[in-house]
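Asker: Right, I'll just put the structure down here and ask away after.
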Amino acid sequence: MTKEEKTLKEYIFTSESVTEGHPDKMADQISDAILDYIIEHDPSAHVACETLVSNGFCVIAGELKTTAYAPMQEIVRRVVQEIGYTDATYGFDYRSAAVLNGIGEQSPDITQGVTLLDGEIGAGDQGLMFGYACRETDVLMPLPIYLAHLLTRRLAEVRKEGIIPYLRPDGKAQISVKYIGDKPVSVEAVVVSTQHAPEVSQEKIREDVIRDVIRAVIPAELMSEKTLFHINPTGKFVIGGPQGDAGLTGRKIIVDTYGGSCPHGGGAFSGKDPTKVDRSAAYACRHVAKNLVAAGVCDRVTIQIAYAIGISAPVSIMIDTHNTAIVEEKKIESCVKELFDLTPKGIIKSLDLLRPIYRKTAVYGHFGREEEGFTWELTNRVEDIKKYLKIN
């Protein structure tokens, strides 16, 4: 440790992720699969789709304004099958689960506020949204949530590819990272809870998970002999998925975003079309934040924007660079207002959000993803920002 590091604050920060077979994430994926189907057939649709999965059944509720017909039963069963609930012995399977449809029509009171006479789109609700970016990883995300998502994605991979064939779909991971100042330096603890077949010993599960999951994705230089591994710390984890816990859309909002590294406005994403600023404005905030950091304006930034229902322009914009900016924050705020159209219509157009891209966002985080379709992760405004702020 350098002399400078000794004077900096030391702390441990923890984030978690869950697998695609976690009941809350099952609900998110079902809601977004329904959204994808509807938006593919009717891009102007308004969708608010909520899902409940529990012991042997699934309930779909919410409001639609669309000309499309969505085969709800077929969509639900396909998602559950693709996740991996294919056997009745898992306690929930795509063939036998009951599917109840309680979808209704969107209130005309909401419709009139969203569809404005001048062609603009009013915010679908009031609310506040946050975006964040930092230099802890190549994708400009905090390290703890980034690593937690790598673990849960790997749990699904080793299950589906037969590397650890006795695993079942439900699972969680948690990472505790030590910081000195604002710099992550080591992984202090890893927690993995994974559903499994009943005949497998905990000793074998521990050995396989440490070797094929943890060490496969966490860089060796971040771990040491002092790193703690807690694998299924309660003992066996046979009963899982909707049989073990009910799942609801929108209950993993910190997993979906930054793992607790920045504030959250409280609005969930899944099942909502992009006129809902809970979703689209949070994506826009991330896009702005990532481009500011990528442009070298700051090393870390938190952005908040807020809306009133039926009003297109944000009622407020706040930028906090955590004392890492090379220009005044007021100038950065002016830059953002000038270069980024943060009306719902502007966000939808600039990020190309009227596409069936949402189910894949519903697991392993909405941010820090480099797959096709995650337009809010593009650093395509860097040169515009540099030019406006007159920085190299």
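Cβ from N, Cα, C; glycine included.
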Asker: If Swiss-Prot is the reference, give me the range from 106-116, 117-127, 370-380 marked as region 'Flexible loop'.
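Answerer: Spelled out, Swiss-Prot records region 'Flexible loop' over residues 106-116, not the other listed ranges.
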Asker: For a quick check of understanding: given the listed ATP-binding residues His22, Asp170, Gly171, Lys172, Lys236, Phe237, Asp245, Arg251, Lys252, Ala268, Lys272, what is the maximum Cα-Cα distance in angstrom, as an integer?
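Answerer: Value for the max Cα separation, rounded to a whole number: 36 Å.
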Asker: Using Cβ atoms only, which residues of the same chain lie under 8 Å from Lys252 (ATP binding site) while being at least 6 residues apart in sequence?
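Answerer: Once residues fewer than 6 apart are set aside, Lys252 (ATP binding site) is near Val18, His22, Asp24, Lys25, Asp28.
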Asker: Any idea what the model's mean pLDDT is for the region 'Flexible loop' (106-116)?
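Answerer: Taking every residue of the region 'Flexible loop' (106-116) together, the mean pLDDT is 59.
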Asker: Fill in the CA-CA distance, Asp245 (ATP binding site) to Glu50 (K(+) binding site), as an integer in Å.
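Answerer: Spelling it out, the Cα of Asp245 (ATP binding site) and the Cα of Glu50 (K(+) binding site) are 17 Å apart.
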Asker: From the binding-site residues Glu50, Glu63, Lys276, pick the residue whose C-alpha lies nearest to the C-alpha of Lys236 (ATP binding site).
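Answerer: Spatially nearest to Lys236 (ATP binding site) by Cα position is Glu50.
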Asker: Work out the three-state DSSP category of Lys272 (ATP binding site).
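Answerer: Strand, per DSSP.
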